[in-house]
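Trainee: I am attaching a structure below and will ask some questions about it afterwards.
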Amino acid sequence: MQLLDGKFASEKIKQEIAVEAADFLAKSGRKPHLIAILVGNDGGSETYVASKMKNCEKVGFQSSLIRYDVSVTEAELLQKIEEINQDAGVDGLIVQLPLPKHIDPEKVTERIDYRKDVDGFHPVNLGRMMRNLPCFIPATPYGILLMLQAYQIDTAGKHCVVVGRSNIVGSPMSILMARNANPGNCTVTLTHSKTTNLKELALQADIIVAAIGKKNFVTADMVKPGAIIIDVGINRETSDQTKSGYKLFGDVDFENVAPKSSWITPVPGGVGLMTIVGLLKNTLASAKGEIYS
Ligand SMILES: Nc1nc(=O)c2c([nH]1)NC[C@@H]1CN(c3ccc(C(=O)N[C@@H](CCC(=O)O)C(=O)O)cc3)C=[N+]21
């Protein structure tokens, strides 16, 4: 078993991003600029957004956090998005999910200018991704691709079983792994809550991407010896034993699965850290006009 170390891979890529950001500043006189909108005060969202902002500073980006109370109306939020869309000094705009129930996430996602949609959630970016055209790839799947690249894992011809079909991870991941690209060129099986023979399918996987949001969902009896395990889960449990007051668990029973695997991502310290790198890479590409000019 070898660790796919998100700390190591993310730090290495962030150094490269910092060099490019400095170069961009020297040439253009400004820093790449990311704006995050956070509604309410969900514990997880607070942590992730704070980390995104902190990492922007680290690589030499400008970052702004716009906070709204949970009572903000959908109209107010959409108005703010319109305003940011018009601002030529902003390269990326993300609205942290989940949103309160009275706000339609589909409306919010579609209102963000696809040229600033560094989360890669807008239908234009998803459509372009399906056609293998330049686009913003959703940050978590992008981070996973960067992780596979960092460890030079050859995915061509492998059977990849994705567990979970969410808009932000499972669905785009299945498309990316099947694309004629590197990483990619996998035979992909997308499984979800209605899949009847999940264990049987998982046992045939050379690569498992677990993104179902259930602690210890992938157990050792579901894993073929030598499989590559990508754990996207971030299940929080309150705990008095930790400084932060919570402990993170993936979707994989790491202790028992790790010895059977060839490569495995830990939680924390795996995919989550790469997600932030995916976001930074998209923001830099946006600033440089590499995707849309
Ligand atoms: N519009 C939007 N874009 C997102 O990209 C987005 C989102 N909404 N909503 C929630 C998910 C989740 N997500 C993570 C980001 C960083 C870590 C991360 O840094 N994790 C650390 C630990 C963090 C901790 O201690 O809680 C790790 O795994 O080592 C995890 C998860 C981004 N998401």
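A Cβ is built for glycine as well, from the same backbone N, Cα and C atoms used for every other residue.
According to TrEMBL, the record shows the following:
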BINDING   Gly164, Arg165, Ser166, Ile234  NADP(+) binding site
DOMAIN    4-119  domain 'Tetrahydrofolate dehydrogenase/cyclohydrolase catalytic'
DOMAIN    138-288  domain 'Tetrahydrofolate dehydrogenase/cyclohydrolase NAD(P)-binding'
Trainee: DSSP helix, strand and coil counts for the domain 'Tetrahydrofolate dehydrogenase/cyclohydrolase catalytic' (4-119)?
Mentor: 59 helix, 18 strand, 39 coil
Trainee: Any of the binding-site residues Gly164, Arg165, Ser166 with a C-beta atom under 6 A from ligand 1? Give them in order, or none.
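Mentor: Going through Gly164, Arg165, Ser166 in sequence order, none turns out to be close to ligand 1.
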Trainee: Relative to the Cβ of Arg165 (NADP(+) binding site), which residues of the same chain, six or more apart in sequence, are found under 8 Å away?
Mentor: Ser171, Ser174, Leu190, His192
Trainee: In this predicted model, what is the average pLDDT of the domain 'Tetrahydrofolate dehydrogenase/cyclohydrolase catalytic' (4-119)?
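Mentor: Here the predicted model's pLDDT, averaged over the domain 'Tetrahydrofolate dehydrogenase/cyclohydrolase catalytic' (4-119), is 98.
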Trainee: What is the number of other Cβ atoms found within 10 Å of the Cβ of Ser166 (NADP(+) binding site)?
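Mentor: Cβ-Cβ neighbours of Ser166 (NADP(+) binding site) within 10 Å number 16.
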Trainee: Enter the number of other CB atoms within 10 angstroms of the CB of Gly164 (NADP(+) binding site).
Mentor: 23
Trainee: Cβ-Cβ under 8 Å from Ile234 (NADP(+) binding site), same chain, 6 or more residues apart: which ones?
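Mentor: Sequence-distant Cβ neighbours: Gly44, Leu248, Gly250, Val267, Pro268, Gly272.
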